[in-house]
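Heads up, the thing below is written out as structure tokens.
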Ligand SMILES: NC(=O)c1ccc[n+]([C@@H]2O[C@H](COP(=O)([O-])OP(=O)(O)OC[C@H]3O[C@@H](n4cnc5c(N)ncnc54)[C@H](O)[C@@H]3O)[C@@H](O)[C@H]2O)c1
Ligand SMILES: O=C(O)C[C@H](O)C(=O)O
């Protein structure tokens, strides 16, 4: 499999590539031809990472190509991880990156359209991730729209971790958490369909175990603002946890998620109109991967509180879409 990682010389790239090459992206039996795309000023850092990748002698790493050429980077690609872009600093919102980073993803979408393999899957990590994925997809008209996704798996993992800490239960005993909307402060971490497995073997619904005040005043803001919290504490945006989430997203996409009750995850995918989210918008939903394709979990309970939170985040996505359209970053339909 050919895997292209953009921004390979950056901090997420450094946290991602060794785990990817060890087999954590596609599994222990899939050799990888790695393409590292950087801008000229990032090539040296990517070359340094490539030297260390070689020194790890990973059995699954078949080849490594470093380039600043889009055509070469995406020729025959099966999995594209679009990380390369500017991170925000303290005091910024992710949408502040819209103009600077948005310009990156149109040409990369066009290069994917021109040269990718027919089974290509694209994960956009670069922020603002949902709208950057929309830009990339708009420039790839020959690629099925459902192959373009944006990362909200980090938010999903954060929500599960917060619940695990609050309820004092292992993360593996929590199912049914959903992230809705935009990977931004407006995101909605939803636990109203979540359950906890009991040691006795039964399950309890989370909404019976937490109070509304904790949800609205602690849980939701802590998850939604975690990116800013990390920037404030470590002085830079998340990297290793983001790399882990990217691996989780693609691994589950390719290998499948659980089929049992609540065994879904979260990803920003192209809406088909489900749950009233406008068609074509790339918004986070509860999803399962079935036969290698993300499918939106249907039939979940969405009460008035959840509805209002989802609508607010979707409204922000529509505003971002209009903003990038006004900047001429979306390809003509
Ligand atoms: N969606 C998420 O959950 C999530 C989580 C963490 C970070 N992010 C985002 O990921 C992005 C990367 O973060 P980082 O910490 O790795 O930043 P970084 O600055 O450490 O690295 C970014 C790298 O991208 C390269 N780059 C810039 N423009 C490029 C282009 N056009 N093509 C290829 N490479 C290019 C830079 O040279 C640099 O090496 C940021 O936008 C950040 O906000 C998203
Ligand atoms: O918060 C950021 O800017 C980085 C990333 O989107 C995150 O959620 O950690």
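Every residue gets a Cβ built from N, Cα and C, even glycine.
TrEMBL entries are annotated by machine, without manual review.
Fair warning: this is a prediction, and the values are worked out from it, not measured in the lab.
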Going by the substrate site in TrEMBL, where 94, 127, 158 are listed, which of the candidates 88, 103 is also part of it?
88
Could you say whether, by DSSP, residue 94 (substrate binding site) belongs to a helix, a strand or a coil region?
helix
The domain 'Lactate/malate dehydrogenase C-terminal' (152-325): mean pLDDT?
96
Using C-alpha atoms only, work out the spacing between residue 9 (NAD(+) binding site) and residue 127 (substrate binding site) and round it to an integer in Å.
17
Nearest by CA distance to residue 88 (substrate binding site): which of the recorded positions is it, out of 7, 11, 108, 126, 183?
126
Taking only same-chain residues 6+ apart in sequence, whose CB is under 8 Å from that of residue 11 (NAD(+) binding site), what do you get?
87, 236, 239
How many helix, strand and coil residues does the domain 'Lactate/malate dehydrogenase N-terminal' (2-141) contain under DSSP?
67 helix, 26 strand, 47 coil
